[in-house]
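Colleague: Quick one: the structure is below, and I'll ask about it shortly.
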Amino acid sequence: MDLRQFLMCLSLCTAFALSKPTEKKDRVHHEPQLSDKVHNDAQSFDYDHDAFLGAEEAKTFDQLTPEESKERLGKIVSKIDGDKDGFVTVDELKDWIKFAQKRWIYEDVERQWKGHDLNEDGLVSWEEYKNATYGYVLDDPDPDDGFNYKQMMVRDERRFKMADKDGDLIATKEEFTAFLHPEEYDYMKDIVVQETMEDIDKNADGFIDLEEYIGDMYSHDGNTDEPEWVKTEREQFVEFRDKNRDGKMDKEETKDWILPSDYDHAEAEARHLVYESDQNKDGKLTKEEIVDKYDLFVGSQATDFGEALVRHDEF
């Protein structure tokens, strides 16, 4: 077994070993918060910095001089302006904020890409992925660790085909990202729902009933009483999850559960940044307008917040 397979098995075994009967498994995919800072521009622009750059990148700007911050911000603006018309719209800014918040996903894809693009042609075929991930264990029809790797491979192949938009079984980096992180792509959400239902639907009737729903979250340990959160989840299932009150969740009800329509924090922040920076009030930003408000977008080591507030109030 190669290192990748060993680590995969180790992580799975560790997860099983460390899990406790009363721990709650959360299958709901929420949009992450843009920042753990309070969004109060009267006190600081830290929330805006985290939202625009991502929390880790925002820290690097705190070490720059104002001149360095402005220069680097100008380069970022050029990337945000997708259609290169010289303006940054709310939609372009929203897309950038979402990218900044999910930079870790792209970093994860980059790491995995190097291990799967075996012929280094800038693409990852299903054969490359299968050989790199399952090549060794498939030779052993009855592995000692008990995992059904063939079943896992069939499931991965189905997801790979869904991510592969042109159906050539060769993934571009964007398609490979959709394969590894399907919850981030609208066209992959059905496969996320399907896989979730397969995991929970123990009697394979195509639905998730109350006991299957609870059983996925909680393993009863002997004669102990159910934790309070389990009772709450039972109520949630009856009152909110099972919308048509037939005692089980179908595909659409499961989708509403695990992929809720959250408040779009990225769009709200994009509109806020445009409102605060749009000097001529034309609904879009020039590079000059953004750089002029660099303290709002990125800050710097030498930003005087009192002076920044004066400029903020002038607009």
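Please read every residue number as a count from 1 along the shown chain.
Keep in mind that glycine also has a Cβ here, set from the backbone N, Cα and C atoms.
Note that the coordinates shown come from a computational prediction; the quantities given were computed from them, not determined experimentally.
Residues annotated as Ca(2+) 1 binding site in Swiss-Prot: D81, D83, D85, E92. Among the features that Swiss-Prot reports, Ca(2+) 2 binding site is placed at D117, N119, D121, E128, with the record citing sequence analysis. Residues or ranges marked as Ca(2+) 3 binding site in Swiss-Prot (evidence: a curator's inference): D164, D166, D168, E175. Here Swiss-Prot flags D201, N203, D205, E212 as Ca(2+) 4 binding site, drawing on sequence analysis. Marked as Ca(2+) 5 binding site by Swiss-Prot on the basis of a curator's inference: D242, N244, D246, K248, E253. Taken from Swiss-Prot, the feature Ca(2+) 6 binding site applies to D278, N280, D282, K284, E289. Summarising the annotation, Swiss-Prot assigns domain 'EF-hand 3' to 151-186. Marked as domain 'EF-hand 4' by Swiss-Prot on the basis of sequence analysis: 188-223. Taken from Swiss-Prot, the feature domain 'EF-hand 6' covers 265-300, and the record attributes it to sequence analysis. Summarising the annotation, Swiss-Prot assigns N-linked glycosylation site to N131 and lists experimental evidence as the type of evidence. The phosphoserine annotation in Swiss-Prot covers S44, S69, S261, S277. Look at Swiss-Prot and you will find Y47 tagged as phosphotyrosine. Marked as phosphothreonine by Swiss-Prot: T65, T254. Feature annotation from Swiss-Prot assigns motif 'Prevents secretion from ER' to 312-315; the stated evidence is similarity to another entry.
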Colleague: Taking 8 Å from the centroid of the Cβ atoms of D81, D83, D85, E92 as the cut-off, which other residues in that chain fall inside it around the Ca(2+) 1 site?
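Modeller: Near the Ca(2+) 1 site, the remaining chain residues are I80, G82, K84, G86, F87, V88, T89.
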Colleague: Using a 10 angstroms cut-off on Cβ to Cβ distances, just flag whichever of T65, S69, N119 is the loneliest among these recorded positions.
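Modeller: So among T65, S69, N119, the recorded positions given, the one with the fewest Cβ atoms within 10 Å is N119.
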Colleague: Here the recorded positions are S44, N131, T254; which one has the lowest number of other Cβ atoms no more than 10 Å from its Cβ?
Modeller: N131
Colleague: For N203 (Ca(2+) 4 binding site), which of the binding-site residues E128, E175, K248, K284 has the nearest Cα in space?
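Modeller: Its closest listed neighbour, by Cα, is K248.
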Colleague: Rounded to a whole number, how many Å is the Cα of T65 (phosphothreonine) away from the Cα of E175 (Ca(2+) 3 binding site)?
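Modeller: That comes out at 39 Å between the alpha carbons.
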Colleague: Tell me, what is the mean pLDDT of the domain 'EF-hand 3' (151-186)?
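Modeller: Here the predicted model's pLDDT, averaged over the domain 'EF-hand 3' (151-186), is 95.
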Colleague: In DSSP terms, helix, strand or coil for D164 (Ca(2+) 3 binding site)?
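Modeller: Looking at the DSSP assignment, D164 (Ca(2+) 3 binding site) belongs to neither helix nor strand, so coil.
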